[in-house]
């Protein structure tokens, strides 16, 4: 208990509460408003992709308020408790209701598609069994006896239906990764094909077998076997269209994040625009570093300061042109030296980061050395007196907490790491006997979004903006945009060029040579 209290007292500057006034809330709300008038006049098509449920990316105002804080926010922050006032406008209410309507529509569309597919699949598997059982139920006495060949066909139908059931489960019964805005064209075509196929079989069965009460039972069973064989071929066609067709790379896409310009390249096959967008988002969460808006505040404040340095006053309106030109020239000369300010700011920031990084590395190494010493002492004690990894992490965390806190503040990563997440990571490293370097890897280098808290940093909803229909296939030169709350991903599609290889034959005898030595000597 004392260890936990020491941990919380040492790390008290790490967690804080930030109070927002009504004006700040209104400004944050206005900043996130979408320009409806501009988007409505454009010719682009905008649709929505919903990823698995999570909180919006950087959707809380608390993380935004941390951007403007000074370097000593942990020591100077005042915690205020009590009730807070919030205001909401009619536009916010309309936007919230629209989002709810869109989510309800997507859920209804998804469940409707699943229901149709399930009913059709059940009809497919029950049809061959019904073809075999209906004659036995309706005109059993008029049927010809089923011989050995007919009984063997029963075994064939049973095993083929089992194979078809396993293949259908492996191909279609998967947990959906996202809600796409439009239907999957190939899957819809397969469903229509299966429906027409089963319907035609039922139509022929009703006209030629049920009406006439055919007595050739072996022929009826062979008819059911032919249906199962055709369904197996349709399943093979589904594998080719849904899985194999997209494996061969045909396009290269460049994905650029709009805020900081970070980019990646990916190779894709024959996919529609909406499915290519899903592949891009899946790779984004594991390849791109987590979006940190705090790193962009320095450049914005510097640009605002230089823009504010240009001020022209016209008092009486007479002979102001010459004075204005002189002031503009002076301001331009001042701005010419802005690169020096940028250079020294970056150099000072790098120096502080290196110094605090060195302090953090030394503190963590000393803490892990203390852990090894404690482990050696615990081995001499009774088994019931040994500390678990959680207690060991709480014991050594105060010695490194301040150095880690300052380093995260300097690199502007404090909003990504809570005290509880650090303790969990530390106990994980102690459990698996990991080195200090392995523990620090998460904090020294910003990782992808998957490395951080899923419920906080995952975007719940993405908007796909494309001039082409999202169900159309990828083509050379297509550009589409994936937008979320704070930034957007610009995707540029290029076709892989056709490569022509030629062969050049090398004669093996061309590598042979003759070394001739002269017999002349200096004697």
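The backbone N, Cα and C atoms fix where each Cβ goes, and this holds for glycine too.
Which of 35-55, 56-76, 77-97, 224-244 counts as transmembrane segment depends on TrEMBL, and there it is 224-244. Same-chain residues lying 6 or more positions outside the transmembrane segment (111-133) and placing a CB less than 8 Å from one of its CB atoms are 154, 157, 161, 164-165, 168, 172, 183, 191, 194-195, 198, 201-202, 205, 220-221, 223-225, 227-228, 231. If you look at the transmembrane segment (184-204), the same-chain residues 6 or more away from its ends with a CB under 8 A from one of its CBs are 116-117, 120, 123-124, 127, 227, 230-231, 234, 237-238, 241-242, 272, 275, 471.
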